[in-house]
Amino acid sequence: MKTLEKYILFAIVLCCLLQLGQAIKCWDCRSDNDPKCGDPFDNSTLAITDCQQAPELEHLKGVRPTMCRKIRQKVHGEWRYFRSCAYMGEPGIEGDERFCLMRTGSYNIFMEFCTCNSKDGCNSAGIHRLGLMGVLTGTLLSVIVAHLLRQ
């Protein structure tokens with residue numbers, strides 16, 4: 001195998017591994033449809049959503065979700081919770097997931113917007129890990145590339 005072909009193969013494998021590392025799973029629910037989505041959060045009847053399988057948004061063509069989000073909103077004295085995949089922004093405030101963006105408005109409206117990507121399901125309430133298949137796939141690809149580079 002020529003040197004250029006080895007570098008191209010290495011780049012392809014690296015891109016595949018990076019894609020595996022970016023995939024995150026998030027809870028997807030609304031408390032106005034399901035009271036278990038509120039706080040305290042009860043995920044016993046909810047399935048976690050693979051954000052890589054989330055539909056492309058019409059107003060964000062080509063943008064894929066990379067984080068989870070949890071929105072806590074108080075409108076006219078009533079609390080609402082929204083949990084889903086997040087397409088834009090950064091985790092937490094300045095990268096610190098312990099902090100959320102808070103906004104208040106007229107008409108007794110309050111909103112807390114939290115984003116995270118540290119682990120699957122991080123939008124449940126408050127270190128993204130690859131699953132076993134991701135680790136095995138990465139290991140297998142690494143062995144194959146190492147073997148091909150030695151030839």
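Placement of Cβ uses the backbone N, Cα and C atoms for every residue, glycine included.
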- Of the candidates Cys26, Cys37, which does Swiss-Prot name as forming a disulfide with Cys29? Cys37
- Tell me, from Cys100, Cys122, which cysteine Swiss-Prot puts in a disulphide with Cys116. Cys122
- Query: Quick one: Swiss-Prot says Cys51 makes a disulfide with which of Cys68, Cys85?
  - Reply: Cys85
- Per Swiss-Prot, which of Cys26, Cys100 is disulfide-bonded to Cys68? Cys26
- Query: Between Cys122 (disulfide bond) and Cys37 (disulfide bond), what C-alpha distance do you get in Å?
  - Reply: 14
- Item | Those disulfide-bonded residues listed as Cys29, Cys37, Cys51, Cys68, Cys100, and which of them has the most Cβ atoms within 10 Å of its own Cβ | Cys68
- Candidate recorded positions Asn43, Cys68, Cys100, Cys114, Ser124, pick with smallest Cα gap to Cys85 (disulfide bond): Cys68
- Can you tell me how far the Cα of Cys100 (disulfide bond) sits from the Cα of Cys68 (disulfide bond), in Å? 13
